[in-house]
Every structure is written in C-alpha cells, then in structure tokens.
Amino acid sequence: MGVWDSILRGGGGGRRFIKRKDSDAGEAGRALEELRGSLYNEFHTSEGAKRQQQRFCGPSVALTFNFVVAVGIIMANKMVMGAVGFNFPVALSLIHYIAAWVLMAVLKALYLLPIAPPSKSTPLSSLFALGAVMSFSTGFANISLKHNSVGFYQMAKIAVTPTIVAAEFILLKKKVSLQKVITLAVVSFGVAVATVTDLEFNLFGACVAVAWIIPSAVNKILWSNLQQSGNWTALALMWKTTPITVFFFLVLMPLLDPPGLLSFNWNFRNSSAIMISALFGFLLQWSGALALGATSALAHVVLGQFKTIVIMLSSYLVFNSDPGFTSLCGAIIALGGMSVYAYLGLKESAGGGKRAPSTSRQNSHLLKSKVIVDGEKPETRPVDSV
C-alpha cells in the first residue's frame, strides 16, 4: 500500500506540476499577445506612428535633415537648369511630386507607410486646401526665381515672415512675444543687407512674387498645425495631399511653363539628372514636413534664411567669391539674430517642459481620486500614456 500511496501522491504532484506549466504557458502567451499588440500600436496605428516620429525625429534632427537636403537640391536643380537646360519650372515641380507619389506608393505596398488618422478627425477641406496651396507655393516660387533677380526674390522670401505672424494671429489667435518679434526683425534686416544686391524690377515677376507670399505662409502654417494638432505623420500627410498637388500642377503647367516640354531631349543623361533632382525633391518635401511638425512655421522660415546665409558665406570662404563688406556685415547680423531666436525658442521649450510634470502629477492625483471613489483597484483600469 505504501508503494501505491507514493505513486498516487506522485501522480497528484505531477498533475500540480502540469497545472503550473499550463499556467506559466498561459501567462507567457498573454505576455506575448500584449507585446504583439503594443508593437502593432507603435507601427500600425496613427498614434503609434506619430509617437515614433516624435521619438526619432526631434526638432534638431528634423532641421538638420532639412538643411542638408536643401543644400543638395540646390546643386541638383542647378545642374538640371544649367547643364541639362531643362527650363520648365512647373514641370520640374510636377516631376518631383509624381516621383514622391511613386516612392510613397512603394512604401505603402511594403506596409512601411505610416497609417493616417481616421478620416473624421481631419476635414477633407483641410487636406484639399493644403494640397492646393502646396502647388501654388512651389510653382510660384520656381517661376519667381526664374523671372526675378536674386535680390527681388530674397525680398519676397523675407516678406513671408511677417505674413506668417499675421496669419497665425488672425487664423489661430497665436501670439508671438515681443522679444521674438524684435529678433525676427533683426534677422530679416540682416538677410536683406546680406543678399539684396540688386532689385531689378519686372512687372510679371513682381506679380508672381507677391502672389507667392500668401500661399507660402499658409502652406507652412497648415503643415505645422495639422501635424501638431492631430496624429498625422509627415509621410501620411504627404500621401494624402500629393494627388491634389499633382492635379493643380497639371492645371498650372500649360499656363505658366513655356512650350517645348515634349520636344526636350530626353536622353539617359538628362533623364538621370532630372530623376536625381526628383529624389532630392522628395527628400526636401519630407524633411520640410518633419521640420514643420517638430517646430513651427516661423522656425522653418528662419531655417530657410539661415540656409541662404550659410550658402553665401560658404561661397565666400570656399570659392573666394566677394559679396562685399556690407553683405558680410548683414550676414553677421542675421546669424546673431538667428542665434537669439534659437535661444528664445529653447527657453520657451524648457519653460513648457518644467510646467508639464506638475500638470501630470495633478492629473495623476485626480485620476487616483476618481479610482478610489469608484471603488476600483488602479490595476483594473488601463490608462493611456500622454
């Protein structure tokens, strides 16, 4: 009997061991499901994609990326317009956006394109307006550069800054501190002195430049506002608005481009140069959208002026060009103003970061109070992290 008792007791222990193993397996399965669910939320939902963009592409990374690509596309477009002789600015912009659309379609087919937020979260009119102003902003900028002198083109770019301040105040009730207003005025003055060496007036070019200012300002404001107020990532927003932009380019091209596009010499060398320019165009649009989502429309304009100053100083230091003493003084003034603007922006960000923890603790205290009043345990109610 003792043998049978030991066998039976061993059998009971074996059953308990099997139950423990089943319990451990169930816990491991639940943990694996939770891990898979969290990974899915991180990569296949609009909220997760937005968190990933904010995590890996902060303001400094986005602005640096945009700066490097902007310098590259200047070289690529100079090759296309100069050596290749492709003098069709709207058609070139159209090719850039079609190439970007194709690249994003490939990413979507490979399930690498971030998920867009639900259609109800953003009105279709906002996406349509963004696509339309993007086409007018890019097209008019290229036409203005073609028909105006460099000085007049830079004057038009400087006028975008006060336009953004006024538009954000009218549309979004957004105010800018007096310190930033003074700093932006100093930056604009420095850029004007550094770059405005000739003001050749052309009636058609002047009309195009004036028409470009408002779409350029509204374009930057919409890109920044939609990404910061919703769960839009840069690529998801580009995917939704690029078809609208392409449509408007198709309308503008026969009206504003010179004839002769089909008779252009589309050999391998010329086509390769245009495709390289199109690749840089996609990267420029993506990096610009990332910068606008991570910072603001004003910061993006200041970055554009910084690129102008750096290119001018690089030509002076590397290629021994002589912009003149007055232009160098203007560049130094502009760089000083940009440094102060960056300092003020970091100061405001630090102030906002210091206020955030107290608010978070207050919300956490209120949440705990609500849980206690409801008579529930804190573990039983999932809380989304903000």
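Every residue, even glycine, has its Cβ placed from backbone N, Cα and C.
Taken from TrEMBL, the feature compositional bias 'Polar residues' applies to 357-366. The compositional bias 'Basic and acidic residues' annotation in TrEMBL covers 371-386. Annotation comment: TrEMBL describes 64-341 as domain 'Sugar phosphate transporter'. Residues annotated as region 'Disordered' in TrEMBL: 353-386. What TrEMBL records for 56-76, 88-112, 124-145, 151-171, 178-197, 203-222, 234-253, 273-294, 301-319, 325-346 is transmembrane segment.
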Relative to the transmembrane segment (124-145), the stretch among 56-76, 88-112, 234-253, 273-294, 325-346 with the most Cβ pairs under 8 Å is 234-253
Test of understanding: applying the rule of at least three C-beta pairs under 8 Å (pairs 6 or more apart in sequence), is the transmembrane segment (151-171) touching the transmembrane segment (273-294)? no
Between the stretches 56-76, 88-112, 151-171, 325-346, which wins on the count of C-beta pairs under 8 angstroms to the transmembrane segment (234-253)? 88-112
Looking only at the domain 'Sugar phosphate transporter' (64-341), report the model's average pLDDT. 82
